[in-house]
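Annotated in TrEMBL:
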DOMAIN    8-90  domain 'Prepilin peptidase A24 N-terminal'
TRANSMEM  69-88  transmembrane segment
DOMAIN    101-206  domain 'Prepilin type IV endopeptidase peptidase'
TRANSMEM  124-142  transmembrane segment
TRANSMEM  149-169  transmembrane segment
TRANSMEM  189-211  transmembrane segment
TRANSMEM  218-237  transmembrane segment
């Protein structure tokens, strides 16, 4: 029962995240006006805002003007629901679970906007960092470790800043995303996250060049690679590190 509720909560949050993804690049408020069709401007009724289900019932079109609704909306809702459910199955109803709900929500917004626009918005990343610091204060109050999380943010910030300064191959927005992730996942997992980010980014870049979607001179948003790497690290980071250490011992 609780699994279903967690999934439904994820889809509802996913609907809000999609609104943020659409409005933040336009410098629009995420609170007002209420959800409306961007084509005919009609307000969307509550019964047309049911995640995933409304899209299916409306056959992917606005109830009023029949303008096509982007498939991205239900995909983000479904993806967020799956993310929330996966976090619950791994961490249960714990502080870690709640902390990672916030992190993943921020990362979905940041990653999608970066993919669409190649821009990272400071207000979004700093909001995520502030929430991360609040969780550190909770850890401190409960006498739980906090040093590793500070180190995670510092390691990520220094590593990517050096790359930006020395090569110019990345942007300062990537630094912000890495610092954000590092504060939540800690030093050890941050190192893994950075490693996976470069692997994923390289694979994506090669594929885009092979299929002539991008040339070697084109800028490719690195933020989505960081986001994917962080999600993998959250779910499987400890297992990957354990496998790597065992593999090294065997060799």
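Every residue number used here counts from 1 along the chain in the order it is shown.
The backbone N, Cα and C atoms fix where each Cβ goes, glycine too.
Annotations in TrEMBL come from automatic prediction, not curation.
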Among the ranges 69-88, 124-142, 149-169, 189-211, the one whose Cβ pairs under 8 Å to the transmembrane segment (218-237) are most numerous: 189-211
Residues of the domain 'Prepilin type IV endopeptidase peptidase' (101-206) by DSSP state, where helix covers H, G and I: 92 helix, 0 strand, 14 coil
Residue distribution over DSSP helix, strand and coil in the domain 'Prepilin peptidase A24 N-terminal' (8-90): 46 helix, 4 strand, 33 coil
